[in-house]
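Enquirer: One structure coming up, written as structure tokens, with questions to follow.
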């Protein structure tokens, strides 16, 4: 409906709100497509209702465990797992950010030559596509069980995340400052240091804090495939049906993530 | 600008005062020592023999993975369809639950501060627990299968969508809301005509973005038994059939690239 037709209809007292998608053909096409898809998808989901009914008791047990988490009986395992997770988080973030900086510089179209750009973009694509768990499986095969493989995994995932955002940041930086520094006869290195770095630094720090937070959350799961950290403890406790210990671990994870988020928002406010 | 003077009385420009400079050195020292301490703990828990061997192991792995056993792809269509269903249905379920939670959590639409803190707690706990952990819990409760995966993805999506949506609601323009309430509209009508149209584009964008992330996450849910291509991945890894694993990797890579492209296109069209 054109703007004028809408106006006239409104004057006659018939008013309808603007649709989210303008073109009616696309709108109806999407709606019909969604219904057909939903039908097909729901038809292919097989649910074993007997098993679900059987598990309902466990769900109640689990909720009960959340009311009374047990921090004590597996205290040593929890502390060891947590320490491993935290050290993995910190080292992997530091390593990942350090490695992400050159990759990010290379992946910014405005400052890097084409061949380097493609190589760096390929690194980013590979690191971003695969879930941390999949990368962890490969690195556990290569480096053996333990936190080292986990650290390398998280560092690798950090590279893709940070380098992509850093490159986007560099691509829309204020080019006049770069030109000004170049006009003084600065070398490439000096241009990076005095024109590019000050512009992207606040965002880089903010993103690193955010990534620290993500890495902690991820470090709690890569233990499932043997890459160390609290995930292994959690997995063991779940498969032994010690729900009260699992609840305790989950509560600790939530608390640490909250703390991370709170402090990272402070750091971001302070740097920007 | 802190300026100090040389003994000759000439002003010298410095970036920081002496105190700030020392504090900065100290902060660096603390940071580096913390890093080294953590590094040492990891290094103590590592079998360096295995790490030294990593290059050979990696080469061995690559030689086992190539050439990919393309015939295996025929088995993978159904699991891939399941994976996409987990992601899509999970996202749909998640945004349905996140929508009311976001309205309860936003400062300007919440009925009561107490309800707000409750909604924020839901968002935080959903966000801090990885979908794989949700899947582990749900597999023990619901039994292995696609359903556990869908619900795991949905539970994880509540936090993400809820957080971004309530931030969008808090940033809306107050004038349309005032205008609607000036006509004597009820609370629900104000939401419907004043708030909703303003957040709808953001909501659609966030949902598509989360769908894209969920495709990625649902590829691994099978590792803990929650259905999808991860089941096949787990089976192939356990039977050391690395040439099948590489086929799975290629399929995951292609699917994720396509979903990322779709999500980027849709978000571009909305914004």
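Any Cβ shown, glycine's included, is placed from N, Cα and C.
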Enquirer: According to TrEMBL, transmembrane segment applies to one of these ranges: A:86-106, A:107-127, A:128-148. Which one is it?
Expert: A:86-106
Enquirer: Per TrEMBL, which of A:26-45, A:46-65 is transmembrane segment?
Expert: A:26-45
Enquirer: Report, as numbers and ranges, which residues of the same chain sit near the transmembrane segment (A:26-45): CB under 8 Å and 6 or more residues beyond its ends.
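Expert: The answer is 19-20.
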Enquirer: Apart from its near flanks, which chain residues at least 6 from the ends of the transmembrane segment (A:245-262) lie with a Cβ under 8 angstroms of it?
Expert: 62, 65-66, 68-71, 73-74, 78, 81-82, 86, 212-213, 216-217, 220, 230, 233-234, 237-238
